[in-house]
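Notes to accompany the following structure.
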Amino acid sequence: MAFTQALVTVLALLAGTLPHRHSENSPPKKANGDKCVHHTQCSSDCCLIDLERSGAFCTPKSRIGMGCLPQTKGSLNIMCPCRSGLNCHSKDPTCPRRCQMI
């Protein structure tokens, strides 16, 4: 009986502390062009550093033929990963990676 009560208490604590993916309290995703500090804030999942505009802004993922990075690491990007259905690839190690259909 004590084990069951302890288990219920632990589950209740975990349920209250774990973030919900689609909670009513979670802020809406930002549109392209909006300022951001982390890629998860953007509806495109890409927060790109823009030195000319002195900040970071949500931007669309890279299209076919555009420069890319294979994945998002950290909170900000210097290049965005590819859109769905494209792969970030380079045929030659000395050439920059580009989004391609493979």
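Placed from the backbone N, Cα and C atoms, the Cβ positions cover glycine too.
Since we're looking at a predicted model, the values are computed, not measured.
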Q. Which cysteine out of C42, C80, C82 is the one Swiss-Prot pairs with C58 in a disulfide?
A. C42
Q) Mind checking which of C36, C46 has the disulfide with C80 in Swiss-Prot? A) C46
Q: Looking at the disulfide bonds in Swiss-Prot, identify which of C36, C68 pairs up with C47.
A: C36
Q: Give the distance between the Cα atoms of C88 (disulfide bond) and C82 (disulfide bond), rounded to the nearest whole Å.
A: 6
Q.
So if I measure Cβ to Cβ from C82 (disulfide bond) and keep only same-chain residues at least 6 apart in sequence, which ones fall under 8 Å?
A. K61, S62, R63, M66, C68, C88, C99
